[in-house]
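What TrEMBL records for this protein:
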type	residues	note
ACT_SITE	Thr370	active site, nucleophile
BINDING	Arg96, Ser388, Ile389, Asn390, Asp412, Ser441, Ser442, Gly462	L-glutamate binding site
SIGNAL	1-22	signal peptide
Amino acid sequence: MMRRLAQLCLLTGALWAGLALAAADTPPGFALSSAHPDATAAGVEILEAGGNAFDAAVAVSAALAVVEPTGSGMGGGGFWLLHLADTGRQVMVDGREEAPSAATATLYQNDAGEVVPQLSRDGALAAAIPGQPAALVHLAKEYGRLPLARSLAPAIRLARDGFPVDGPLLARLAYRFQALAKSPAAARVFLPDGGLPAPDSLIRQPDLADMLERLAREGRDGFYTGEYARRLVDGVRAAGGIWRMEDLARYQVREREPITLELDGLRLVSASPPSSGGVVLSQVMQVLSLTEALSRPPVDRKHLVIEALRTAYRDRAAWLGDPDHVDMPITRLTSAEYAAEIAAEIDLEQARRSADLAPPQQLYADRPNTTHFSIIDAEGNRVAATLSINLSFGSAYMVPGTGILLNDEMDDFSAKPGVPNAYGLVGTQANAVGPGRRPLSSMTPTFVETGDRVAVLGTPGGSRIITMVLLGVLATLDGADAQTIVSAPRYHHQYLPDAVYYEPGAFTEAEQAELEARGFTLRSAGREYGNFHAVLWNTADHQLDAAADPRGIGTAAVRLAPAAESP
Ligand code: GLY
């Protein structure tokens with residue numbers, strides 16, 4: 001007999017009952033985790049110099065732009081989710097890239113109306129107007145305690161003096177070799193003598209150091225107007241791009257209300273559009289609560305997670321885009337009533353089919369990209385920041401004389417309804433290319449607050465970001481420590497393609513057999529993915545815990561304040 005779950009929707013979802021919101025208190029020190037040891041050290045330096053979490057976020061973001069150019073950069077953008085300890089205010093700083101004013105809905109289609117993927121992935125036409133420089137100035141001015149020049153100092157040092165080539169960087173340079181070789185400025189920095197650099201040789205970026213110094217001196221105008229902006233626009237246009245001076249001049253950071261979900265004592269605070277992350281997480285968590293997923297056997301929990309993701313990613317494709325340009329049914333998508341409708345459709349004996357919900361399957365593509373860091377300072381301020389230039393090294397085009405490696409975030413738009421982007425994600429007019437629009441993102445910087453802990457979570461990983469964060473939220477609710485949260489094997493479903501992708505170890509053999517018997521298509525991802533960073537403040541026992549994903553080379557740091565170290 002079918003085990004329809006409709007009746008469960010009547011239950012109150014007691015799985016998180018008993019959790020009260022985190023008590024007001026201050027942590028015993030500070031903790032952070034990022035994707036590169038030099039970036040973590042930059043954050044530690046700034047916190048030890050008297051900066052707060054927001055100054056440290058500026059330092060870590062800028063340092064990552066230098067030492068992890070595959071993932072994010074001053075030519076890219078991101079979302080910085082902030083918690084201000086003194087007022088309890090939470091805000092998302094939206095430094096997402098924006099389409100240039102000459103962008104049109106068919107920009108990445110040929111005369112026959114076919115999408116030409118390379119156009120939105122490699123080279124200057126793929127680049128949207130960067131948001132990170134404006135966001136760092138905004139963070140320092142509105143929320144920081146130290147001068148911008150102080151917070152940028154570690155990154156400037158790393159850019160000028162150089163940093164040693166590490167394994168992941170070398171692997172990604174090899175992967176993007178052809179595209180980078182076409183950009184003389186990028187090749188000069190990353191491909192000495194036209195080939196791959198030797199392991200541990202130093203990468204120096206003097207133009208980027210100059211740019212950061214200019215930003216410290218002149219603020220946003222040092223990037224978005226004047227002689228430097230002219231250099232950017234001329235370089236982009238000479239390489240086939242469509243930027244105009246006014247596109248840079250009008251770029252503004254936006255402050256957005258995060259998506260917040262309060263559910264049985266859990267408080268989840270996450271990224272709002274133009275990120276899809278918070279909406280997907282909110283919908284999925286409510287479906288999991290209604291179906292009592294956390295208290296079920298592991299295989300049933302996984303079944304429910306996959307089915308909840310299937311619908312949530314369908315809705316992502318159908319509805320979500322730039323909130324300044326698209327009306328989105330966010331209230332409905334994140335409502336308890338809608339979650340109950342979804343829960344009622346799930347059958348614990350049989351997988352549904354995405355084709356019954358919408359159009360044809362396309363192949364999944366995933367490339368290492370993006371970056372994340374998490375910080376809690378000794379006052380209880382928090383930053384969860386996920387930053388990107390999209391695919392590894394973004395567009396792989398460096399504008400001559402600027403030090404700026406441009407993003408290829410235009411590929412996050414839906415180049416044509418129903419045609420998948422590099423992550424296999426489909427979309428509709430809601431996420432069409434258009435002048436001044438911000439492409440829909442999966443970046444999901446997230447805070448989890450329960451009765452006895454606060455977690456600052458996030459990861460890179462394209463369309464898989466949201467499912468990784470979801471699994472991190474569930475692990476947090478299970479009481480896992482930071483190392484377990486970042487290490488746990490992952491699985492993913494994004495509606496189309498209609499398959500569950502998994503890392504080795506995500507399912508036991510018995511679970512795999514059972515899920516296949518229920519009708520799910522399981523495909524090994526073929527490798528590990530993600531680079532998760534978790535910082536936990538256990539308010540009940542006054543402990544800080546932080547961990548960097550063992551899949552990457554990042555590091556975490558916990559420093560106790562002197563008073564907290566005394567018995
Ligand atoms: N560029 C990846 C994302 O924003 O989802």
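Here, residue 1 is simply the first one shown, and the rest follow in order.
Just so you know, glycine gets a Cβ as well, placed from its N, Cα and C.
Structure with TrEMBL features highlighted.
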residue : record                   : Cβ contacts under 8 Å, 6 or more apart
Arg96   : L-glutamate binding site : Gly77, Gly78, Phe79, Gly131, Pro274, Ser275, Glu409, Arg438, Pro439, Ser441
Thr370  : active site, nucleophile : Gly71, Ser72, Thr386, Leu387, Ser388, Ile389, Asn390, Met443, Pro460, Gly461, Gly462, Ile465
Asp412  : L-glutamate binding site : Asn390, Asn421, Asn431, Pro439, Leu440, Ser441
Ser442  : L-glutamate binding site : Ser275, Ser276, Gly277, Tyr423, Leu425, Gly462, Ser463, Arg464, Ile465, Ile466
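When Cβ atoms from all protein chains are considered, those within 10 Å of Ile389 (L-glutamate binding site) total 34, not counting its own. Neighbours of the L-glutamate site: apart from Arg96, Ser388, Ile389, Asn390, Asp412, Ser441, Ser442, Gly462, residues of the same chain with C-beta atoms within 8 angstroms of the site's C-beta centroid are Gly77, Asn369, Thr370, Glu409, Pro439, Met443. Taking Arg96, Ile389, Asn390, Ser442 as the candidate binding-site residues, the subset whose CB lies under 6 angstroms from any atom of ligand 1 consists of Asn390, Ser442.
Cβ crowding, taken as the number of other Cβ atoms within 10 Å, peaks at Asn390 among the binding-site residues Ser388, Asn390, Ser441. A strand conformation is recorded for Ser441 (L-glutamate binding site) in the three-state DSSP classification. The local packing around Gly462 (L-glutamate binding site), expressed as other Cβ atoms within 10 Å of its Cβ over all shown chains, amounts to 28. Among the residues the record lists as binding L-glutamate, namely Arg96, Ser388, Ile389, Asn390, Asp412, Ser441, Ser442, Gly462, the two farthest apart have Cα atoms separated by 15 Å.
DSSP assigns Asn390 (L-glutamate binding site) to coil, not to a helix or a strand.
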